[in-house]
């Protein structure tokens, strides 16, 4: 096995998906704690405390206690290197999450034991389905009263259309929560709630029939034996191949806030989650073990370090090896560039990276030349597929309070829209700046960041736009005629692509009927 193959086999690149408040950010913290990446876990809801969750690093996230950008964190466990992409928990940020899910090889789904499968989880599972992403499930908050485990598994199977294979099984819940039984190790891990910030090895009883279990649990021990017999008979057996094909999800139970059930989850992840897989480019399939480097940009983050006003392009390595100072070919621009200062992440702390392998996420300093969806190679013309941009559903005109700050506003909006949470449109008929977003929170975030990072005060005004469509046509003459006739409804997006801004759904339908040669697209492949 070559060094490259060895390093690929060690990598596990994954994202955590959940409905807001299912405990995703807490679980992220605890995975890092167990992986040795952070010494003290910062509780997410302690907003006024000095300690904050490592992954919620941006100022607004610290104030509101929700994740609104994707963080990248690397940690090690059992000689495996985990790259964890923490995704926004708030539903307004679906586009950022969607793109992040194109950069992972598997996902960890977190479900609140009291609430079961929720709307956001269903949407994210649909996204994972498009690429048959393997899913591992953690049912959280067993230290609180919740629904029956059998009922939860049944709901996951029915609503998400995926087989469940329980690996651990809870013993009681809420005040009666005693721990979990590991079905494949025949061991009972007893619950201890006293170690929120420290890793304490809890007591483990080997064997379901151990007399020690009767000593510790009394009558509950016999109830557990009967329950486990029923569970074994009624549930699916874990099949690693079905899991890797995205047809089955292994299920773990625990309490992230109490560090309980995390180790079993991590051990299974290290053993069964897939290493970096081959990636489809327009030209061919790219295998991770190829000698030549390739990778794609799935996210751009402005002002990760407000002191430096920088923009970082997050790049997923797909093949070969990155080494410091390597010359890379930026396919879209056709230019070569030397990359000497790529960085690796731990939420907002960063360090220069000497080398990186397939599955790793590296940050490239971006001076406005790199866009989401860009491919980097060592000379080959490749374009990785499957990174979409969606037509926004909400629109606002941006109005500057101080006209002298107009350049700073334009720069700020351009840089923030490059991240992809909002989109910037410049109408052809005037100098307006129109922002489009998937949800209202994105407008709040943009205004907050314009003030905090660019010292620009702005307000929003309503604008008569209901939806947007990217327009294209194979006949240049027809396109020119279209541009003349509907000039007042046309704008350019932040990348210079032509967009039709519809005043209503009816307006869009009529325009599509009148111009059958023009293609109107609700998504644009980046």
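Heads up, the Cβ atoms here are built off N, Cα and C, so glycines get one too.
Taken from Swiss-Prot, the feature GTP binding site covers 18-25, 86-90, 140-143, and the record attributes it to sequence analysis. Summarising the annotation, Swiss-Prot assigns domain 'tr-type G' to 9-277.
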Residue with minimal Cβ packing [other Cβ atoms within 10 Å] among the binding-site residues 18, 87: 18
If you draw a 10 Å sphere around the Cβ of residue 142 (GTP binding site), how many other Cβ atoms fall inside it, taking every protein chain shown into account? 27
Let me check the 10 A CB neighbour count of residue 21 (GTP binding site). How many other CB atoms are there? 18
